[in-house]
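> According to TrEMBL, the record shows the following:
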type: DOMAIN; residues: 693-754; note: domain 'CBS'
type: TRANSMEM; residues: 74-98; note: transmembrane segment
type: TRANSMEM; residues: 118-143; note: transmembrane segment
type: TRANSMEM; residues: 234-257; note: transmembrane segment
type: TRANSMEM; residues: 269-287; note: transmembrane segment
type: TRANSMEM; residues: 299-318; note: transmembrane segment
type: TRANSMEM; residues: 324-346; note: transmembrane segment
type: TRANSMEM; residues: 358-382; note: transmembrane segment
type: TRANSMEM; residues: 447-476; note: transmembrane segment
type: TRANSMEM; residues: 529-549; note: transmembrane segment
Amino acid sequence: MSEDAPPFQTQDHDSLTIPLLSHQQRSINSTSQVAIVGANVCPIESLDYEIAENDFFKQDWRARGKVQIFQYIFMKWLLCFLIGGFVSLVGFFNNLAVENIAGVKFVITSNMMLAQSYWMAFLVFSLSNLALTLFAAIITAFISPAAAGSGIPEVKAYLNGVDAPGILSIRTLIVKIVGSIAAVSSSLLVGKAGPMVHTGSCIAALFGQGGSRRYGLTWKWLRFFKNDRDRRDLVTCGSAAGIAAAFRAPVGGVLFALEEMASWWRSALLWRAFFTTAVVAIILRALIDVCLSGKCGLFGKGGLIMFDVYSANVSYHLADVPPVLALGVIGGILGSFYNFLLVKVLKVYNLVNEKGTFYKIFIACTISIFTSCLLFGLPWLVSCQSCPSDASEDCPTIGRSGNYKKFQCPPGHYNDLASLIFNTNDDAIRNLFSKNTDSEFQLSTMLIFFVTCFTLSIFSYGIVAPAGLFVPVIVTGASYGRFIGMLIGSSGNLSHGLYAVLGAASFLGGSMRMTVSLCVIILELTNNLLLLPLIMVVLLVSKTVADAFNGNVYDLIMKGKGFPYLETHAEPYMRQLTVADVVSGPLQLCHGIEKVGNIVHILKTTMHHGFPVIDESPDSESPVLYGLILRAHLIALLKKKAFLCTPVLLGADAFRHFSSDDFAKKGLGNVDKIEDIELTDEEMEMFLDLHPFTNASPYTVVETMSLAKALILFREVGLRHLLVIPKISSRAPVVGILTRHDFMPEHILGLHPSLVRSRWKRLRFQFPRLLKIF
């Protein structure tokens with residue numbers, strides 16, 4: 001939040017201490033402090049990743065012995081094990097439910113098609129899809145709107161320090177699980193990988209709440225985790241476990257959390273994330289073995305994506321490199337265009353969603369009906385294929401899944417487009433990736449399927465239901481990859497299935513802009529290390545091409561939602577500014593010993609979350625900065641009512657009146673408010689000694705520091721407040737406080753419009769050819 005700001009700048013001191021653009025009055029930071037969380041607009045806060053090193057904190061840690069340190073370390077590993085176990089069970093249950101629900105729907109529809117009851121088959125297919133979509137939309141809109149979408153942008157923003165209400169609550173978790181099952185089963189072109197990342201993060205956040213008094217979970221060992229720093233590490237492990245459970249790719253999950261999700265990383269966190277994903281892989285392997293014995297209904301061959309689908313030996317030569325490079329270029333162009341269209345569609349959906357819940361559900365139902373009509377009608381446009389004599393399975397396929405769906409074809413023939421459409425997304429990818437199937441699909445079928453997937457995945461993502469992008473992007477990329485392979489034909493050494501794998505990689509790289517994690521995930525999916533060089537080349541080329549047009553899809557969605565995400569790099573114009581050029585006013589101060597009435601007035605009249613604490617110094621005419629105290633700590637002090645009748649130091653009595661639990665981070669959704677505290681007139685005239693509870697060593701920067709350096713410090717340390725102090729000691733002890741909103745381009749360029757013109761001129765000079773394209 002933009003909690004604090006500096007006073008009006010004066011111009012009467014030496015010009016060497018005056019910031020570059022400080023000759024103007026400071027204005028209040030007017031950047032948006034709300035964001036679209038899921039499908040609702042909500043106020044957002046920042047997280048306290050910095051440790052408040054006050055006297056109380058130091059005394060609490062000095063009192064801990066070796067036993068408490070062992071408890072802390074042991075509980076970290078135990079919670080990682082529990083996170084991995086629960087996420088693997090949820091992932092397995094999701095796949096089991098989707099395969100059985102969608103399987104029953106496809107079997108009934110297929111049986112009616114075999115009986116030539118085409119209109120009844122369409123009615124059953126469309127109504128079942130509508131019912132599932134309507135169910136997912138209703139529970140999302142009315143129970144937890146934060147569960148809409150994939151959840152990856154929200155979790156990524158959380159790990160960057162943005163706290164949005166409800167994104168990791170137990171209601172969001174339940175709706176995410178149930179809604180994702182319904183949405184994926186409804187034949188919408190949405191995935192379950194993104195929701196699994198959000199699900200894993202929710203489970204981790206719930207474990208990291210440090211217990212619950214409501215449910216009697218007050219074990220002392222859990223109290224170590226009542227802070228944002230440890231919860232951040234657990235949520236990072238949960239996001240890695242989500243990818244591991246979605247694709248059964250443990251190493252890919254760790255790399256995904258490192259490359260895409262986490263803003264802060266260290267070796268200890270790497271070990272715990274790897275341990276968490278290893279637990280996921282082991283438990284999933286055991287559960288899959290149970291299902292292979294036929295004890296999971298229609299679930300067995302399907303689910304958990306496409307393992308061992310391309311285990312054939314791969315041989316390629318130098319002549320195969322140009323088509324692979326071309327595939328990467330096409331993937332980069334298509335991926336950036338996909339991101340562009342997706343953002344435009346999401347803007348339209350947001351405008352409609354603002355009108356109310358009915359319109360949100362109406363859009364979801366409209367997309368479902370449109371999807372059902374398209375999926376059922378398109379197979380009629382392609383011609384039937386004769387069943388191959390050397391087919392590896394029955395042709396035509398009877399039942400839930402298979403490569404040879406009969407649809408409306410005569411005996412001995414199959415509809416290749418229906419074989420892709422009337423399957424789950426997992427089975428469709430398996431069919432596209434499968435080996436020895438170069439003659440299975442027609443060229444027109446691949447083109448129709450690519451356009452359909454490309455279009456439906458864009459329009460399906462923004463509805464008010466849990467929906468991921470990973471699997472739709474893989475399906476879309478695999479379809480155009482196989483299409484290009486069919487165009488090349490026998491002139492190359494690569495099979496059509498391998499082109500589908502490379503097409504999926506190129507589209508993932510062009511849309512999501514990840515390299516290392518995607519490479520490992522695809523290798524773990526296909527179970528073939530021989531594909532490594534080709535996949536690396538495709539990902540590098542597609543990412544490089546796409547970066548020339550726009551950002552990765554999750555960053556664009558975050559920006560569209562309004563999350564104040566801090567990038568890893570500073571914009572060039574930030575080096576032209578100092579920190580004093582962007583801090584805004586007015587600034588609120590507290591004295592070391594403050595009257596209770598003054599504290600209540602400050603808390604009720606401002607929404608700031610950090611307040612500088614100053615003391616009068618006998619050696620200086622101006623007050624000196626003692627430290628920074630948080631709003632939550634002030635409310636805790638008022639709630640405890642340990643007031644003083646006279647303005648004297650509290651001293652050692654502070655440790656008798658308070659415990660560490662009084663200042664611990666509350667659980668999800670539990671925040672004390674100043675309005676809930678009732679004080680008498682007599683108490684309002686009493687005093688509070690803030691010294692023992694003030695962070696006496698907050699991060700500070702001098703007012704002449706460049707904004708670019710301040711941004712790097714702010715992000716790398718994970719700060720919520722950064723105090724700006726004057727260069728001349730005779731002035732006020734604090735110039736202002738920088739928060740993440742002060743680093744947002746909207747705020748900076750709003751204060752200094754001249755930078756907008758210089759920024760545009762620089763872009764025109766650097767990218768003239770790119771601008772001509774647009």
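Cβ atoms here come from the backbone N, Cα and C positions, even for glycine.
Looking at the shown structure, can you explain where the listed features end up?
DSSP places the residues of the domain 'CBS' (693-754) in helix, strand and coil in these numbers: 24 helix, 12 strand, 26 coil.
Here the transmembrane segment (74-98) has long-range neighbours at 177, 180-181, 184-185, 192, 196, 199-200, 203-204, 207-208, 221-222, 224-225, 230, 233-234, 237-238, 241-242, 244-246, 272-273, 275-281, 283-284, 287-288, 291, 296-297, 299, 302-304, 424, meaning same-chain residues at least 6 beyond its ends whose C-beta is under 8 angstroms from one of its own.
Here the transmembrane segment (118-143) has long-range neighbours at 38-39, 101, 105, 108-109, 112, 171, 174-175, 178-180, 182-183, 185-188, 357, 360-361, 364-365, 367-369, 371-373, 375-376, 408, 463-466, meaning same-chain residues at least 6 beyond its ends whose C-beta is under 8 angstroms from one of its own.
Residues 79-80, 83-84, 87-88, 90-92, 155, 158-159, 168, 192-193, 196-205, 207-208, 225, 269-270, 272-274, 276-281, 284-285, 304-305, 307, 470, 514, 516-518, 520-521, 523-525 of the same chain lie 6+ residues outside the transmembrane segment (234-257) yet bring a C-beta within less than 8 angstroms of a C-beta in it.
Long-range contacts of the transmembrane segment (269-287) within its own chain (CB-CB distance under 8 A, at least 6 residues past either end) are made by residues 76-77, 80-81, 83-85, 87-89, 91-92, 233, 236-238, 240-241, 244-245, 248, 250-251, 253-254, 257-258, 262, 304.
Nonlocal intrachain contacts for the transmembrane segment (529-549), taken as residues 6+ away from its ends with a CB within less than 8 angstroms of a stretch CB, comprise 310, 313-314, 316, 321, 324-325, 327-329, 331-333, 335-337, 339-340, 498, 501-502, 505-511, 513-515, 518-519, 522-523, 770.
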> Between the transmembrane segment (324-346) and the transmembrane segment (358-382), do 3 or more CB pairs sit under 8 angstroms, pairs being 6 or more residues apart?
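Per Cβ check, the transmembrane segment (358-382) does not touch the transmembrane segment (324-346).
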> Looking only at the domain 'CBS' (693-754), what is the mean pLDDT?
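87, rounded to a whole number.
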